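Copied over from Swiss-Prot:
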type	residues	note
BINDING	Gln87, Gly105, Glu106, Gly107, Lys108, Thr109, Asp507	ATP binding site
REGION	567-586	region 'Disordered'
REGION	859-909	region 'Disordered'
COMPBIAS	865-889	compositional bias 'Basic and acidic residues'
BINDING	Cys893, Cys895, Cys904, His905	Zn(2+) binding site
COMPBIAS	899-909	compositional bias 'Basic residues'
Amino acid sequence: MLSNLLKGIFGSRNDRLVKQYSRIVRTINELEAVISPLSDEELRDKTSEFKQRISNGEKLDQLLPEAFAVVREASKRVLGMRHFDVQLIGGMVLHEGKIAEMRTGEGKTLMATLPIYLNALSGKGVHIVTVNDYLAKRDAEWMGQIYQFLGLSVGVVLSQMPHEDKQAAYGADITYGTNNEYGFDYLRDNMVGHSAERVQRVLNFAIVDEVDSILIDEARTPLIISGMAEGDTEVYKRVDVLIPRLTRQKDENSPGDYSVDEKTQQVLLSEEGFIHAEKLLGEVGLLPAESSLYDPANITLIHHLNAGLRAHALYNRDQHYVVQNDEVVIVDEFTGRLMPGRRWSEGLHQAVEAKENVSIQKENQTLASITFQNYFRMYEKLAGMTGTADTEAFEFQQIYGLETVVIPTHRPIAREDRMDQVFRTAREKYQAIIADIKSCYERGQPVLVGTGSIENNELLSTMLTKEKLPHQVLNAKQHEREADIIAQAGQSKMVTIATNMAGRGTDIVLGGNLEQVINRIRVDDALDDMTKTEKIKETRQAWQVRHDEVIKLGGLHIIGTERHESRRIDNQLRGRSGRQGDPGSSRFYLSLEDPLLRIFSSDRVANIMTRLKMPEGEAIEHPWVTRAIENAQRKVEARNFDIRKQLLEYDDVANDQRKVIYQQRNELLDAEQGISETVSAIRESVINQLIGLYIPAQSIEEQWDVPGLEKALASEFLLRIPVQEWLEADSELHEENLRSRIMESVNTSYQGKVEQVGASIMNQYERMVMLHSIDSHWREHLAALDHLRQGIHLRGYAQQNPKQEYKREAFELFAGMLDAIKADVTKILMTVQIRSEQQVESVAETSTPKNLQYHHAAYSEAEEEHQSVTEGHEAKQQPFVRKSDKIGRNDPCPCGSGRKYKQCHGKLD
């Protein structure tokens, strides 16, 4: 209450920031009179002037008003588009490394040109991150005209692009690309054998488009580069045949072999299920007689069985994946796009392939991985823009340290968001949806229908076809046409059905997309300039008539066929209507059979329907119901936030280790004078460690095992050092002197190798051996960390803190890996006999991984730990240092719900 009162008196922080930016906007507007009279050449020369001022010590903030005014003028001349004042505010928000929430259709793409130009002046590079190649290419070509007009270079990074082109794109002042490609290029740069093969520069400044989709929705799935591992794919087929013979439990207490927990996406075998599974596996010869699934030799069978159960019980065709060209292709659950080349990990993808009876590919070995959270936090400055960020402002602040600023709209929003209608069954719901679509079509109002899956998309399409209602279908199977379909979705009588609208990146303009049609006329070589001008004029007039007609009909009507588990995704769908003050409307149709309601709220809403004696086909429409659904969404959002936070806490451990390894790699690649000193230090450390095993520090001669030391030096490093003879010849030879003499002998032996082949070749060979050893041990270490992480949540049952145990054991594994690398390098270099330079090149060849695959892995350990915590099995928590002010129980919840903390996220504490 007090905070609301203070906000009413002094305004919110967001209001204060907008006022602060508005003062700078006035300065920029005043500069327009100075900049407008400049010729094109004079305007272009401003770029050189700004660069000179930066080199003289002037800060970017000091240049901002003038630079923004220059970009605005260039945009007017090149694109015929002038930045609104609210876009100038958004540009300042991005420049300061914050997130700008700007409603759909308000011009985020144009807004971004302001901070992009300003920050590109430093010469360190600016990365613009989009959700797909189409948008990266489109924006680079479209907005690139402004930058090129002002004398800056523009590059675009696309998947499957030649290496030289990619290096050139990253070398440009401004680079467009997808989040996946930036992340994979970073990982690939840390797998190269020569520094010249790297493509990326220093990570300076990134602006992330659809920042909520990339930094939140995809934060649970790390980027992974993997290679094929050895293994028998036939086992998946043999296990798949058995899965239908196992029965699913209807509930916890009913008979059956396994249960499915949809909330945690887990499949668990019951005791009877284990016995039945053992019997079935024995029948097909996979489990030897008199042995158990619990035997160490049969652990892989449990892995195969669990993957098969998950494939059958949790993953559905045309919802989670599609089958194309004898392959299982994953469907992105957030955007509805196909993700060819991506594969689920832990054998799940192979299990789905066996289920669908397509060719089974071998399992993968992880070569390198990173989460988007840790990749984007490496940028010196990070900013983002989206139409829906405010509901996730707390997470952006907690995880990335990014403040969210809501940018005022250029015109007031005129869209009418109607209350949800809830039906008992999906059949009744779809009947109501068809009736609403039919009503809109008959009066000419355009409709956009958002569905949650390809399956529902095609079901609705079939129903509309039966009703003889013409419509367009947009889903992951036709993403090549998606921009054209969406661009024309605002025309009269247009009915468009689309899967999840996140990241589509194309505005829906009432009356159809005028600019798209005009651009086609402009690039038509068959027309002369006069004809083009006339045709463009006619097109504008015809569009204006269509535009006014659609506005009279009420604008674009949005229909949601189900609520997503995130309110933000629902808001993205709604936000497609009512752009720049246009009229519009939206409504969600729900049923008690929808996943969200079935899992979280069906009993409560069903009781309301029963009390009201609702007849079949009648919908319930009440603020209480809408509030109950939003509460269910908040529960899921809070749970997903906890999962992402836990995943980050685990990945931070691996990230610290990754930084050390990658830094060592880069130092090796960049060492111009060779790495002889490093190799010498490693050799001394390894030999001293070996000596210590046989001649302990500060020990007397009677405790020494000299024969053992001589044997170890000979077998490990092929060194024949007469230690016993030295001791017999010199009675004054003590431990320290002996160590020095052994090391001197070792170094002399190694120096002989160097002289034999030449210092240059030996330096090259040392570098290759070090890189190969680091890479191979790092791959093994990643697998060990993965294995450790999968079972670490079970430590909670032993009254241990899983996170603390993971950190401790991961550190021990890492220390062991570093020792193994040193020993490996020393042994190879001491024992190898180099006869030609070709041998050096062969090492470089073998150290380069082949047949790489790029994908997101389905990490589930954070969810498993979360489950064990909620079931009351968490160990006693360790003390921690709070990084921010404690939130009072009666304070407003930081998630933005408007409720007290104790009644919202505080319930989770």
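Backbone N, Cα and C atoms are what each Cβ position is placed from, and that goes for glycine too.
Taking Cβ-Cβ distances under 8 Å and a sequence gap of 6 or more within the same chain, the neighbours of Gly107 (ATP binding site) are Met81, His83, Phe84, Gln87. Other Cβ atoms within 10 Å of the Cβ of Lys108 (ATP binding site), summed over all protein chains shown, number 23. Most Cβ neighbours within 10 Å, among the binding-site residues Gln87, Thr109: Gln87 holds that distinction in the structure as shown. DSSP gives Thr109 (ATP binding site) a helix state. Across the binding-site residues listed here (Glu106, Asp507), the residue whose Cβ sits among the most other Cβ atoms within 10 Å is Glu106. In the three-state DSSP scheme, Asp507 (ATP binding site) is classed as coil. Assigned with DSSP, the residues of the region 'Disordered' (567-586) fall into helix, strand and coil as follows: 11 helix, 4 strand, 5 coil. Sitting within 8 Å of the Cβ centre of Gln87, Gly105, Glu106, Gly107, Lys108, Thr109, Asp507, and not among those site residues for ATP, are the Cβ atoms of Met102, Thr104, Leu110, Met111. Mapped onto three states, the DSSP output places Gln87 (ATP binding site) in helix. A 10 Å cutoff on Cβ-Cβ distances gives Gly105 (ATP binding site) a total of 20 other Cβ atoms nearby, all chains included.
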